[in-house]
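Each remark here refers to the structure printed beneath this line.
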Amino acid sequence: MEAQELGSPTPTYHLLPKANQHTVKEDAGSPSQGSPETMQLKKEISLLNGVSLVVGNMIGSGIFVSPKGVLKYTASYGLSLIVWAIGGLFSVVGALCYAELGTTITKSGASYAYILEAFGGFIAFIRLWVSLLIVEPTSQAIIAITFANYIIKPSFPTCDPPYVACRLLAAACVCLLTFVNCAYVKWGTRVQDTFTYAKVLALIAIIIMGLVKLCQGHTEHFQDAFKGSSWNVGDLSLALYSALFSYSGWDTLNFVTEEIKNPERNLPLAIGISMPIVTLIYILTNVAYYTVLNIQDVHKSDAVAVTFADQTFGMFSWTIPIAVALSCFGGLNASIFASSRLFFVGSREGHLPNLLSMIHIERFTPVPALLFNCTMTLIYLVVKDVFLLINYFSFSYWFFVGLSVVGQLYLRWKEPDWPRPLKLSLFFPIVFCVCSLFLVAVPLFSDTINSLIGIGIALSGVPVYFLGVYLPESRRPLFIRNVLATVTRVTQKLCFCVLTELDVTEEKNVERKTD
């Protein structure tokens, strides 16, 4: 079936071949023939958009809820604030390492792209498999459910919100944000900018209220700030995990490196601006919480920010639950934006079906990857105990993040002459690797069963890799090839999408990338 069926003017776009065909026709609108625009994702993310993406993804629901977990395991205000500071410092070091990686390997995909470059396709595929199967859809489903709970809860003050209503609202939220990101990249970044400003303003309001209370002489909670502190290594590690949950998202911009304007400058600069802002906001917000709430209040609270507002905001206390919901909405938008690019890059490298590396011919958005991400998240919304699934990937997450930085050290040795616009002292990646090793080891001892389940999920990708990637396409069952070809062609026509110019001109044979 020829591309003329799409009815598009020059440049002409061709559909993928059927399974029994062996070539992909060239794009008649290639740069050599003077096409007005190349079929690639556009560089539309400015420095301000980048800061909003990082800040918006980091400030999700965690800072409104996680103080309870940190204080539970530290048992004192002083030690709790130290843990928050350590979590921020650790995240800054990790973000700096990723800034070097992102300016050296200017591909989207974050740790997937870096592991692929350093260690090859097999380990990179396992990283992609874990993200596809558990990490991204589970985290997005949880954020969407949290958003729905905070929106519906005011209507049911004396009981839990209806299960079905929460899940339907969560699904509507996911679908709406998917549509926004399919429509235009600018729509997604504008939504992100708006909701980032809203959540930062909400936290500033909490900080100001806390400072007012301090100035009024409410310092009793800090007079013996370390009294009752728990110095048990296991408790401290669990407290750090709770803090790091709130700091997660510092690698968001590395998922979309190819869409950043002047990434050699703006990627490290956006990270350098975002990380101090978030760390300072988190520490000051906790100071505000601890000024007003005693330890028992924090322990009994399901959402510390809401309890704080009830005691300080008076008739305006309703604004904080709304702020939490808006924070979740913005965080979900950033997660959808980033994870769709991960699947896009994975497909472009031959680790996922070709259809996921297509973009809309007019809007230049990865519509199939966004729809795939949406579908996976909706599936997990059906799972009643979806919150339990988050326990399965703590081990895998820190393993692959740490492995990315090990790859940074390896590439320093293997490819010393590569241009590196940002080159850190080796002190930073070495410290981060050591700390990541600790974060990988702790769950193995403190939460062995869930960690082993997480390892099992990762290893389930091994046969998938050998059957779907390593095995030559000609040796795969004809039935599967025909199904994939049909689904790809139908998706291409329904979504009005084509392969990017990189796929068409440099990978004409659509070869699978292997080691």
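For all residues, glycine too, the Cβ spot is worked out from N, Cα and C.
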Membrane-wise, does Swiss-Prot list Lys72 and Ile359 under the same topological domain?
no
Look through Ser30, Ser35 and state which residue has the annotation phosphoserine in Swiss-Prot.
Ser30
With CB pairs under 8 Å as the measure, which of the listed stretches 115-135, 364-384, 425-445 comes out on top against the transmembrane segment (236-256)?
425-445
Cβ-Cβ under 8 Å with the topological domain 'Extracellular' (216-235): same-chain residues at least 6 beyond its ends:
73-79, 81, 290-292, 294, 442, 446
Could you give me three numbers for the topological domain 'Extracellular' (288-311), the DSSP helix, strand and coil residue counts?
19 helix, 0 strand, 5 coil
Surrounding residues of the transmembrane segment (195-215) on its own chain - C-beta under 8 Å, 6+ positions past either end:
52, 55-56, 59, 63, 281, 284-285, 287-289, 291-292, 305, 308-309, 312-313, 319-320, 323, 326-327, 329-330, 333
As a test: from 45-65, 79-99, 312-332, 386-406, 425-445, pick the stretch that has the greatest number of Cβ pairs under 8 Å with the transmembrane segment (267-287).
79-99
